[in-house]
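TrEMBL annotations:
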- 95-183: domain 'Mutator-like transposase' (DOMAIN)
- 391-533: region 'Disordered' (REGION)
- 398-409: compositional bias 'Basic and acidic residues' (COMPBIAS)
- 443-458: compositional bias 'Acidic residues' (COMPBIAS)
- 480-492: compositional bias 'Basic residues' (COMPBIAS)
- 520-533: compositional bias 'Basic residues' (COMPBIAS)
């Protein structure tokens, strides 16, 4: 599109490189700081009593062909996501079987929570037999109470009743299906603490559909209850089920299923996995199931979803969200209505933090490139060397400080007095005293002699000859390269600073006379003489 419109846009490869080198490291930094804040919040709210967690898995595609599975672990007291585990079907222990990812992810996530010094009091999950067996057999989770989410339990009952209603001999099941589901919700929340009584009233639905609402003591499977809890109903034979019919037998098999009764006994009355289901819905905004991603990119998408969800949870904790409007919705699978509330928007601070961290990531990237270009040891070795150097310097300072403190305690002299000549081998020197200047007295003759010497030196250095004595030694050295462009070895740049004595001048004059005698003729003179002769 950019080519057709004449726009210079970055190619896909450039954008992917920017995501890998800049955006993803910035998101990781913000995510780590965000999770530290979440852990501190959960510790402050939960205290020493332990945390109640809800766990659930979300696959990246429907069916049994999933590649990724996201396990969310949420604290029920704050509704904050405490841990997220992203599993891949090629990881060890899964062996390419998608159904194993959720169990392994829950196991790994709970171990990480325990490793962070959290005491787990209870765990709520769906009715997955693999998770139940893992929590029952693992030694680390022996003290953890495993509860089941009631929505997952009753969902299976609704599915069985729907399939049963399709049969010709079970025509009345469709009429009773929704009423049975409502009855299940009632007894679950009404007898949350007394689970055995809740199970007995759940079984009473079998007597209710046959038209019997009292005298339950004569029913063999209803012990501990006497009648139904509803008001008086007029007698009616419409939609009643005969106790000797095949329809009643099929319904009894669903209501009295042993696995269902065992699940109802462990159902959590006030805890559920609805926060996990809300998070799974939010993940579809960042990682839709119709779009495949690599494992690294998928992890970054989940991190964004985690910070988004926790921002909303923090707003609910601090009561900074206000209700804009509300409307009534019909609960799916139940003959009841619910209220849907629309809340004000949340300020997602993590987005601004990610943009601000990007500048630091770019600076570190440029520093790494500079270190590589100048053959500086890579990050870990260079950092370790700096740490060791700083540690050695700190130890030297500590040793020097201890030595000075020891000398002060013993009354010894300081290092400054030793440097000034005092101490062990010199006389005592007080560095705080002002220095004493002693003038040197000269006689009139010495003063006149010193001025005469200065005038003589000036005359010698400026003798007026064609070659100055100070430049005789400087000019020959200027022919070669190196050391200060013609300055002699050891010189500091003074051209006329060479001392000249009478013997040295005489020797140089004799050498100049010899060199004049050995002057060679210029090139070409001998050849011209031969041609002329």
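Heads up, residue numbers simply count up from 1 along the chain you see.
The backbone N, Cα and C atoms fix where each Cβ goes, and this holds for glycine too.
Averaged over the domain 'Mutator-like transposase' (95-183), the predicted model reaches a pLDDT of 92. With DSSP states grouped into helix (H, G, I), strand (E, B) and coil, the domain 'Mutator-like transposase' (95-183) comes out at 57 helix, 10 strand, 22 coil. Counting residues of the compositional bias 'Basic and acidic residues' (398-409) by DSSP class, helix then strand then coil, yields 12 helix, 0 strand, 0 coil.
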